[in-house]
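Student: Would you mind keeping the following structure in view while I ask a few things?
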Amino acid sequence: MPCSTEAMEKAGHGHASTPRKRSLSNSSFRLRSESLNTLRLRRIFDLFDKNSDGIITVDELSRALNLLGLETDLSELESTVKSFTREGNIGLQFEDFISLHQSLNDSYFAYGGEDEDDNEEDMRKSILSQEEADSFGGFKVFDEDGDGYISARELQMVLGKLGFSEGSEIDRVEKMIVSVDSNRDGRVDFFEFKDMMRSVLVRSS
């Protein structure tokens with residue numbers, strides 16, 4: 001498949017300058033990595049899912065790969081996505097995305113020999129706008145355990161430290177999470193965090 005998934009987190013939401021195109025045959029990126037656990041795959045999936053509807057379409061995947069500077073054949077990409085797409089769907093759900101990753105040959109994926117956490121940070125920086133990069137810095141402050149999500153307790157603790165009235169009661173914090181929790185998992189990812197903070201700042205202004 002014409003893409004790179006360890007580098008996949010470079011794509012998704014945000015904007016970046018057009019990178020130099022590289023052919024996959026000469027690429028140092030690989031698409032298969034035993035070290036990519038479900039949590040990291042979820043982050044990649046969420047970055048690719050530009051409209052946050054829980055499905056990665058061919059267009060979203062193509063856009064992500066283009067931001068990575070990877071040349072893709074649209075017909076081949078469509079064929080690959082279709083082979084993992086459930087009947088009646090228009091793209092890949094997260095479980096389909098995991099199946100795609102598991103099916104790939106070990107000769108693909110990841111930066112060889114480099115620190116994966118550093119790679120992940122570099123990828124995000126390369127695709128996020130300055131506003132989003134600033135927001136991500138704030139997100140990391142809230143995400144105290146570094147799992148890529150903000151729990152109600154984490155949110156309450158930081159809001160309290162910042163002096164927001166929302167941090168005074170856990171019930172209010174939980175309502176804030178529910179209001180932006182588009183995938184209903186009871187916690188806040190980066191893109192949900194941006195929406196939540198916008199609403200907090202509007203109410204506080």
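Placement of Cβ uses the backbone N, Cα and C atoms for every residue, glycine included.
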Student: Give the range, chosen from 1-26, 105-130, that Swiss-Prot lists as region 'Disordered'.
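Tutor: Here Swiss-Prot associates region 'Disordered' with the stretch 1-26.
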Student: Near TYR149 (Ca(2+) 2 binding site) in space, meaning Cα within 10 angstroms, which of the binding-site residues do we find among ASP49, ASN51, ASP53, GLU60?
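Tutor: So the list is empty; none.
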Student: Could you tally the C-beta atoms, other than its own, that fall within 10 angstroms of the C-beta of ASP143 (Ca(2+) 2 binding site)?
Tutor: 22
Student: If you count other CB atoms within 10 A of each CB, which of ASP49, ASP53, GLU60, ASP145 wins among these binding-site residues?
Tutor: ASP49
Student: Taking the Cβ of ASP147 (Ca(2+) 2 binding site) as the reference point, list residues of the same chain whose Cβ is under 8 angstroms away and which are at least six residues distant in sequence.
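Tutor: Sequence-distant Cβ neighbours: LEU39.
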Student: Specify all same-chain residues, apart from the site residues ASP143, ASP145, ASP147, TYR149, GLU154, whose Cβ lies within 8 angstroms of the center of the Cβ atoms of the Ca(2+) 2 site, ordered by sequence.
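Tutor: Close Cβ neighbours, site residues excluded: PHE142, GLU144, GLY146, GLY148, ILE150, SER151, ARG187.
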